[in-house]
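Features as listed in Swiss-Prot:
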type     : residues : note
CARBOHYD : Asn2     : N-linked glycosylation site
CARBOHYD : Asn15    : N-linked glycosylation site
CARBOHYD : Asn200   : N-linked glycosylation site
LIPID    : Cys322   : S-palmitoyl cysteine
LIPID    : Cys323   : S-palmitoyl cysteine
MOD_RES  : Lys296   : N6-(retinylidene)lysine
REGION   : 331-352  : region 'Disordered'
TOPO_DOM : 62-73    : topological domain 'Cytoplasmic'
TOPO_DOM : 134-152  : topological domain 'Cytoplasmic'
TOPO_DOM : 225-252  : topological domain 'Cytoplasmic'
TOPO_DOM : 309-352  : topological domain 'Cytoplasmic'
TRANSMEM : 37-61    : transmembrane segment
TRANSMEM : 74-96    : transmembrane segment
TRANSMEM : 111-133  : transmembrane segment
TRANSMEM : 153-173  : transmembrane segment
TRANSMEM : 203-224  : transmembrane segment
TRANSMEM : 253-274  : transmembrane segment
TRANSMEM : 287-308  : transmembrane segment
Amino acid sequence: MNGTEGPFFYIPMVNTTGIVRSPYEYPQYYLVNPAAYACLGAYMFFLILVGFPVNFLTLYVTLEHKKLRTPLNYILLNLAVADLFMVFGGFTTTMYTSMHGYFVLGRLGCNIEGFFATLGGEIALWSLVVLAIERWVVVCKPISNFRFGENHAIMGVAFTWFMASACAVPPLVGWSRYIPEGMQCSCGVDYYTRAEGFNNESFVIYMFIVHFCIPLAVVGFCYGRLLCAVKEAAAAQQESETTQRAEREVSRMVVIMVIGFLVCWLPYASVAWYIFTHQGSEFGPPFMTVPAFFAKSSSIYNPMIYICMNKQFRHCMITTLCCGKNPFEEEEGASTTKTEASSVSSSSVSPA
(Lines of atoms letter the chains of each structure in order from A and count residues from 1; the text may use other names and numbers.)
(Lines give C-alpha, C1' and ligand atoms only; values in the text may rest on other atoms or scores of the structure.)
Protein backbone atom coordinates (compact mmCIF):
# COMPACT_ATOMS: atom_id res chain seq x y z
CA MET A 1 0.00 0.00 0.00
CA ASN A 2 1.37 3.41 -1.01
CA GLY A 3 -0.13 5.16 1.98
CA THR A 4 -0.50 5.03 5.74
CA GLU A 5 -3.83 4.04 7.29
CA GLY A 6 -4.60 4.96 10.86
CA PRO A 7 -7.70 5.19 13.07
CA PHE A 8 -10.09 7.41 11.12
CA PHE A 9 -7.52 8.75 8.67
CA TYR A 10 -5.52 7.82 5.59
CA ILE A 11 -2.31 9.62 4.60
CA PRO A 12 -1.26 9.21 0.94
CA MET A 13 2.37 8.59 1.92
CA VAL A 14 4.21 5.43 2.96
CA ASN A 15 5.55 5.80 6.49
CA THR A 16 8.99 4.34 5.73
CA THR A 17 10.75 7.33 7.28
CA GLY A 18 8.47 7.50 10.29
CA ILE A 19 7.41 11.10 9.64
CA VAL A 20 3.71 10.42 9.04
CA ARG A 21 1.55 11.76 11.85
CA SER A 22 -2.16 11.88 12.62
CA PRO A 23 -3.87 14.73 10.68
CA TYR A 24 -5.90 15.44 13.83
CA GLU A 25 -2.84 16.18 15.95
CA TYR A 26 0.15 17.33 13.87
CA PRO A 27 0.80 19.71 10.93
CA GLN A 28 1.03 17.85 7.63
CA TYR A 29 3.77 19.97 6.09
CA TYR A 30 5.67 16.83 5.07
CA LEU A 31 2.97 16.18 2.44
CA VAL A 32 3.30 19.45 0.51
CA ASN A 33 5.11 22.75 0.87
CA PRO A 34 3.69 24.89 3.73
CA ALA A 35 3.00 27.59 1.13
CA ALA A 36 0.39 25.27 -0.39
CA TYR A 37 -1.61 25.44 2.85
CA ALA A 38 -1.43 29.23 2.75
CA CYS A 39 -2.71 29.15 -0.85
CA LEU A 40 -5.53 26.80 0.19
CA GLY A 41 -6.53 29.16 3.01
CA ALA A 42 -6.43 32.15 0.64
CA TYR A 43 -8.59 30.30 -1.88
CA MET A 44 -11.16 29.45 0.79
CA PHE A 45 -11.17 33.09 1.89
CA PHE A 46 -11.83 34.12 -1.72
CA LEU A 47 -14.75 31.68 -1.98
CA ILE A 48 -16.23 33.06 1.25
CA LEU A 49 -15.66 36.65 0.16
CA VAL A 50 -17.49 36.12 -3.14
CA GLY A 51 -19.83 33.20 -2.39
CA PHE A 52 -21.55 34.68 0.66
CA PRO A 53 -22.57 38.06 -0.85
CA VAL A 54 -23.79 36.55 -4.14
CA ASN A 55 -25.93 33.87 -2.51
CA PHE A 56 -27.15 36.07 0.34
CA LEU A 57 -28.09 38.74 -2.20
CA THR A 58 -30.14 36.15 -4.07
CA LEU A 59 -32.20 35.43 -0.95
CA TYR A 60 -32.51 39.10 -0.02
CA VAL A 61 -33.57 40.23 -3.49
CA THR A 62 -36.22 37.51 -3.63
CA LEU A 63 -37.68 38.65 -0.31
CA GLU A 64 -37.63 42.27 -1.49
CA HIS A 65 -39.30 41.67 -4.87
CA LYS A 66 -42.63 39.88 -4.78
CA LYS A 67 -42.55 39.10 -8.51
CA LEU A 68 -39.58 36.80 -7.91
CA ARG A 69 -41.43 34.68 -5.35
CA THR A 70 -42.83 32.31 -7.96
CA PRO A 71 -42.88 28.49 -7.74
CA LEU A 72 -40.34 28.17 -10.56
CA ASN A 73 -37.86 30.22 -8.51
CA TYR A 74 -38.15 28.16 -5.31
CA ILE A 75 -35.45 25.78 -6.49
CA LEU A 76 -33.10 28.71 -7.15
CA LEU A 77 -33.54 29.87 -3.56
CA ASN A 78 -32.82 26.32 -2.46
CA LEU A 79 -29.63 26.41 -4.54
CA ALA A 80 -28.57 29.64 -2.81
CA VAL A 81 -29.24 28.09 0.62
CA ALA A 82 -27.16 25.05 -0.37
CA ASP A 83 -24.27 27.30 -1.40
CA LEU A 84 -24.48 29.13 1.93
CA PHE A 85 -24.30 25.75 3.70
CA MET A 86 -21.05 25.12 1.84
CA VAL A 87 -19.73 28.59 2.69
CA PHE A 88 -20.40 28.36 6.43
CA GLY A 89 -20.13 24.60 6.96
CA GLY A 90 -17.19 23.89 4.69
CA PHE A 91 -15.19 26.88 3.49
CA THR A 92 -14.80 28.61 6.86
CA THR A 93 -13.66 25.36 8.48
CA THR A 94 -11.17 24.56 5.71
CA MET A 95 -9.77 28.08 5.83
CA TYR A 96 -9.23 27.77 9.59
CA THR A 97 -7.65 24.30 9.45
CA SER A 98 -5.39 25.19 6.52
CA MET A 99 -3.95 28.01 8.62
CA HIS A 100 -2.79 25.33 11.08
CA GLY A 101 -1.68 22.82 8.44
CA TYR A 102 -3.86 19.99 9.74
CA PHE A 103 -7.42 19.23 10.82
CA VAL A 104 -7.12 20.90 14.20
CA LEU A 105 -10.82 20.44 15.04
CA GLY A 106 -10.46 16.73 15.73
CA ARG A 107 -12.65 13.77 14.89
CA LEU A 108 -15.94 15.44 15.89
CA GLY A 109 -15.10 18.51 13.83
CA CYS A 110 -14.29 16.28 10.87
CA ASN A 111 -17.73 14.67 11.07
CA ILE A 112 -19.46 18.05 11.32
CA GLU A 113 -17.47 19.63 8.48
CA GLY A 114 -17.81 16.56 6.28
CA PHE A 115 -21.55 16.41 6.90
CA PHE A 116 -22.31 20.06 6.15
CA ALA A 117 -19.99 20.22 3.13
CA THR A 118 -21.51 17.03 1.70
CA LEU A 119 -25.07 18.12 2.51
CA GLY A 120 -24.61 21.52 0.87
CA GLY A 121 -22.93 20.04 -2.19
CA GLU A 122 -25.62 17.39 -2.60
CA ILE A 123 -28.48 19.86 -2.16
CA ALA A 124 -26.89 21.96 -4.90
CA LEU A 125 -26.44 18.89 -7.11
CA TRP A 126 -30.03 17.73 -6.78
CA SER A 127 -31.29 21.31 -7.11
CA LEU A 128 -29.72 21.39 -10.57
CA VAL A 129 -31.43 18.08 -11.35
CA VAL A 130 -34.83 19.32 -10.18
CA LEU A 131 -34.28 22.58 -12.06
CA ALA A 132 -33.65 20.64 -15.29
CA ILE A 133 -36.78 18.52 -14.73
CA GLU A 134 -38.91 21.59 -14.03
CA ARG A 135 -37.72 23.33 -17.20
CA TRP A 136 -38.38 20.19 -19.24
CA VAL A 137 -41.90 19.81 -17.83
CA VAL A 138 -42.77 23.50 -18.32
CA VAL A 139 -41.34 23.89 -21.83
CA CYS A 140 -41.74 20.46 -23.43
CA LYS A 141 -45.07 19.67 -21.71
CA PRO A 142 -44.65 15.86 -21.57
CA ILE A 143 -47.77 15.75 -19.37
CA SER A 144 -50.79 17.32 -21.04
CA ASN A 145 -52.87 19.81 -19.03
CA PHE A 146 -50.18 19.90 -16.33
CA ARG A 147 -49.76 23.21 -14.55
CA PHE A 148 -46.66 23.67 -12.44
CA GLY A 149 -47.68 25.11 -9.07
CA GLU A 150 -46.44 25.86 -5.58
CA ASN A 151 -47.01 22.34 -4.28
CA HIS A 152 -44.86 20.90 -7.07
CA ALA A 153 -42.10 23.41 -6.28
CA ILE A 154 -42.17 22.53 -2.57
CA MET A 155 -42.04 18.83 -3.42
CA GLY A 156 -39.00 19.50 -5.61
CA VAL A 157 -37.21 21.33 -2.80
CA ALA A 158 -38.11 18.59 -0.28
CA PHE A 159 -36.79 15.98 -2.72
CA THR A 160 -33.38 17.69 -2.88
CA TRP A 161 -33.07 17.66 0.92
CA PHE A 162 -34.13 14.03 1.11
CA MET A 163 -31.58 12.93 -1.49
CA ALA A 164 -28.85 15.08 0.06
CA SER A 165 -29.54 13.60 3.50
CA ALA A 166 -29.46 10.10 1.97
CA CYS A 167 -25.86 10.85 1.03
CA ALA A 168 -24.61 12.95 3.96
CA VAL A 169 -26.14 11.06 6.92
CA PRO A 170 -24.97 7.43 6.35
CA PRO A 171 -21.26 8.16 7.06
CA LEU A 172 -22.32 9.49 10.47
CA VAL A 173 -24.11 6.27 11.39
CA GLY A 174 -21.64 3.64 10.21
CA TRP A 175 -22.15 3.24 6.45
CA SER A 176 -18.75 4.57 5.37
CA ARG A 177 -17.20 7.44 7.37
CA TYR A 178 -15.80 10.95 7.07
CA ILE A 179 -12.01 11.28 7.12
CA PRO A 180 -9.55 14.07 6.24
CA GLU A 181 -8.80 14.08 2.51
CA GLY A 182 -6.31 15.66 0.13
CA MET A 183 -4.03 17.94 2.13
CA GLN A 184 -5.83 16.74 5.30
CA CYS A 185 -7.51 20.10 5.98
CA SER A 186 -11.05 19.16 4.95
CA CYS A 187 -13.10 16.01 5.38
CA GLY A 188 -15.01 13.87 2.95
CA VAL A 189 -16.31 10.35 2.42
CA ASP A 190 -13.71 7.59 2.75
CA TYR A 191 -12.88 6.52 -0.82
CA TYR A 192 -9.40 5.48 0.23
CA THR A 193 -9.71 2.41 2.45
CA ARG A 194 -11.65 -0.78 2.96
CA ALA A 195 -11.78 -0.32 6.72
CA GLU A 196 -13.55 -3.14 8.51
CA GLY A 197 -17.10 -2.50 9.67
CA PHE A 198 -17.78 0.55 7.50
CA ASN A 199 -18.77 -1.05 4.15
CA ASN A 200 -17.00 1.69 2.22
CA GLU A 201 -17.16 -0.28 -1.03
CA SER A 202 -20.95 -0.47 -1.18
CA PHE A 203 -21.36 3.17 -0.15
CA VAL A 204 -18.97 4.48 -2.82
CA ILE A 205 -20.74 2.42 -5.50
CA TYR A 206 -24.10 3.73 -4.24
CA MET A 207 -22.81 7.31 -4.32
CA PHE A 208 -21.33 6.99 -7.80
CA ILE A 209 -24.48 5.51 -9.33
CA VAL A 210 -27.25 7.30 -7.43
CA HIS A 211 -25.57 10.64 -6.75
CA PHE A 212 -23.60 11.12 -9.96
CA CYS A 213 -24.55 8.85 -12.88
CA ILE A 214 -28.32 9.20 -12.45
CA PRO A 215 -28.24 13.01 -11.97
CA LEU A 216 -25.94 13.33 -15.00
CA ALA A 217 -28.29 11.22 -17.13
CA VAL A 218 -31.37 13.17 -16.00
CA VAL A 219 -29.77 16.57 -16.63
CA GLY A 220 -28.52 15.44 -20.04
CA PHE A 221 -31.93 14.05 -21.04
CA CYS A 222 -33.96 17.05 -19.86
CA TYR A 223 -31.76 19.70 -21.45
CA GLY A 224 -31.41 17.59 -24.61
CA ARG A 225 -35.20 17.42 -24.99
CA LEU A 226 -35.49 21.10 -24.15
CA LEU A 227 -33.01 22.01 -26.89
CA CYS A 228 -34.95 19.92 -29.40
CA ALA A 229 -38.21 21.68 -28.44
CA VAL A 230 -36.65 25.11 -28.85
CA LYS A 231 -35.09 24.24 -32.21
CA GLU A 232 -38.41 22.84 -33.48
CA ALA A 233 -40.19 26.05 -32.50
CA ALA A 234 -37.50 28.13 -34.19
CA ALA A 235 -37.68 26.00 -37.36
CA ALA A 236 -41.45 26.54 -37.51
CA GLN A 237 -40.92 30.31 -37.47
CA GLN A 238 -37.78 30.75 -39.55
CA GLU A 239 -38.94 34.14 -40.78
CA SER A 240 -39.09 35.49 -37.23
CA GLU A 241 -35.83 37.15 -36.21
CA THR A 242 -36.88 37.33 -32.56
CA THR A 243 -37.59 33.59 -32.47
CA GLN A 244 -34.21 32.79 -34.00
CA ARG A 245 -32.50 35.09 -31.51
CA ALA A 246 -34.33 33.45 -28.61
CA GLU A 247 -33.35 30.01 -29.92
CA ARG A 248 -29.68 30.97 -30.00
CA GLU A 249 -29.90 32.50 -26.52
CA VAL A 250 -31.57 29.45 -25.02
CA SER A 251 -29.12 27.09 -26.74
CA ARG A 252 -26.23 29.06 -25.28
CA MET A 253 -27.78 28.94 -21.81
CA VAL A 254 -28.33 25.19 -21.98
CA VAL A 255 -24.76 24.53 -23.11
CA ILE A 256 -23.42 26.72 -20.29
CA MET A 257 -25.63 24.97 -17.72
CA VAL A 258 -24.51 21.49 -18.78
CA ILE A 259 -20.84 22.52 -18.91
CA GLY A 260 -21.19 24.11 -15.45
CA PHE A 261 -22.65 20.86 -14.10
CA LEU A 262 -19.83 18.79 -15.61
CA VAL A 263 -17.07 21.16 -14.46
CA CYS A 264 -18.48 20.99 -10.94
CA TRP A 265 -18.93 17.25 -10.52
CA LEU A 266 -17.09 15.29 -13.22
CA PRO A 267 -13.51 15.88 -11.94
CA TYR A 268 -14.42 15.10 -8.33
CA ALA A 269 -16.48 12.00 -9.15
CA SER A 270 -13.88 10.68 -11.60
CA VAL A 271 -10.96 11.09 -9.20
CA ALA A 272 -12.95 9.63 -6.29
CA TRP A 273 -13.86 6.61 -8.42
CA TYR A 274 -10.25 6.20 -9.56
CA ILE A 275 -8.98 6.28 -5.98
CA PHE A 276 -11.64 3.77 -4.95
CA THR A 277 -10.82 1.35 -7.79
CA HIS A 278 -7.04 1.78 -7.35
CA GLN A 279 -6.79 1.62 -3.58
CA GLY A 280 -3.16 1.24 -2.58
CA SER A 281 -1.88 3.00 -5.70
CA GLU A 282 0.41 5.98 -5.35
CA PHE A 283 -1.16 9.44 -5.61
CA GLY A 284 -0.26 12.77 -4.04
CA PRO A 285 -2.45 14.98 -1.81
CA PRO A 286 -3.16 17.49 -4.63
CA PHE A 287 -4.72 14.64 -6.66
CA MET A 288 -7.88 14.83 -4.53
CA THR A 289 -7.53 18.46 -3.48
CA VAL A 290 -7.64 20.02 -6.96
CA PRO A 291 -10.90 18.33 -8.13
CA ALA A 292 -12.51 19.39 -4.85
CA PHE A 293 -11.71 22.99 -5.83
CA PHE A 294 -13.99 22.65 -8.86
CA ALA A 295 -16.87 21.34 -6.75
CA LYS A 296 -16.40 24.03 -4.09
CA SER A 297 -16.21 26.78 -6.74
CA SER A 298 -19.77 25.93 -7.75
CA SER A 299 -20.97 28.15 -4.89
CA ILE A 300 -19.78 31.07 -7.03
CA TYR A 301 -20.50 30.09 -10.61
CA ASN A 302 -23.85 28.38 -9.95
CA PRO A 303 -25.45 31.72 -8.95
CA MET A 304 -23.78 33.39 -11.93
CA ILE A 305 -25.19 30.83 -14.37
CA TYR A 306 -28.59 30.10 -12.89
CA ILE A 307 -29.48 33.47 -11.38
CA CYS A 308 -27.51 36.32 -12.92
CA MET A 309 -28.24 35.04 -16.45
CA ASN A 310 -31.96 35.38 -15.75
CA LYS A 311 -33.20 38.80 -16.88
CA GLN A 312 -35.78 39.16 -14.13
CA PHE A 313 -33.37 38.26 -11.32
CA ARG A 314 -30.64 40.39 -12.84
CA HIS A 315 -32.92 43.41 -13.14
CA CYS A 316 -34.07 43.08 -9.51
CA MET A 317 -30.50 42.64 -8.25
CA ILE A 318 -29.28 45.75 -10.07
CA THR A 319 -32.29 47.71 -8.81
CA THR A 320 -31.59 46.62 -5.23
CA LEU A 321 -27.87 47.41 -5.43
CA CYS A 322 -28.48 50.79 -7.10
CA CYS A 323 -31.00 51.97 -4.47
CA GLY A 324 -34.12 51.38 -6.52
CA LYS A 325 -32.83 52.43 -9.94
CA ASN A 326 -31.52 50.34 -12.82
CA PRO A 327 -29.08 52.30 -15.02
CA PHE A 328 -29.42 49.56 -17.65
CA GLU A 329 -33.23 49.50 -17.51
CA GLU A 330 -33.81 50.54 -21.11
CA GLU A 331 -31.46 47.88 -22.46
CA GLU A 332 -32.88 45.19 -20.18
CA GLY A 333 -36.44 46.15 -21.06
CA ALA A 334 -35.81 46.10 -24.79
CA SER A 335 -34.11 42.71 -24.58
CA THR A 336 -36.93 41.27 -22.50
CA THR A 337 -39.59 42.60 -24.87
CA LYS A 338 -37.87 41.06 -27.87
CA THR A 339 -37.52 37.72 -26.15
CA GLU A 340 -41.12 37.64 -25.00
CA ALA A 341 -42.23 38.17 -28.57
CA SER A 342 -41.02 34.71 -29.56
CA SER A 343 -43.15 31.60 -29.29
CA VAL A 344 -40.62 29.92 -27.05
CA SER A 345 -39.55 32.60 -24.60
CA SER A 346 -36.03 32.22 -23.30
CA SER A 347 -37.30 33.22 -19.87
CA SER A 348 -39.23 29.95 -19.80
CA VAL A 349 -36.11 27.96 -20.43
CA SER A 350 -33.50 30.17 -18.89
CA PRO A 351 -31.93 29.34 -15.56
CA ALA A 352 -34.78 30.90 -13.63
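Backbone N, Cα and C atoms are what each Cβ position is placed from, and that goes for glycine too.
Note that the structure is a prediction, hence the values are computed from the model and not measured.
Where Swiss-Prot records a feature, it is marked here on the structure.
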residue : record                      : CB count, 10 Å
Asn200  : N-linked glycosylation site : 22
Lys296  : N6-(retinylidene)lysine     : 24
Cys322  : S-palmitoyl cysteine        : 12
Cys323  : S-palmitoyl cysteine        : 6
Tell me the Cα distance separating Lys296 (N6-(retinylidene)lysine) from Cys322 (S-palmitoyl cysteine), rounded to the nearest angstrom.
30
Counting only residues 6 or more past its boundaries, what in the same chain has a CB within less than 8 Å of a CB in the transmembrane segment (203-224)?
122, 125-126, 128-129, 132-133, 135-136, 163, 166-167, 170-171, 175-176, 189, 191, 254, 257-258, 261-262, 265, 269, 272-273, 276
Between Cys323 (S-palmitoyl cysteine) and Lys296 (N6-(retinylidene)lysine), what is the CA-CA distance rounded to a whole number of Å?
32
Mind checking which residues of the chain, 6+ beyond the ends of the topological domain 'Cytoplasmic' (62-73), have their Cβ under 8 Å from one of its Cβ atoms?
134, 138, 148-150, 152-153, 312-313, 316, 319-320, 352
What mean pLDDT score does the topological domain 'Cytoplasmic' (225-252) have in the model?
76
In angstrom units, rounded to an integer, how far apart are the Cα atoms of Asn200 (N-linked glycosylation site) and Lys296 (N6-(retinylidene)lysine)?
23
With DSSP helix as H/G/I and strand as E/B, how many residues of the topological domain 'Cytoplasmic' (62-73) fall in helix, strand and coil?
9 helix, 0 strand, 3 coil
Would you mind pulling the DSSP three-state label for Asn200 (N-linked glycosylation site)?
helix
Could you tell me which three-state DSSP class the residue listed as 'N6-(retinylidene)lysine' falls into?
helix
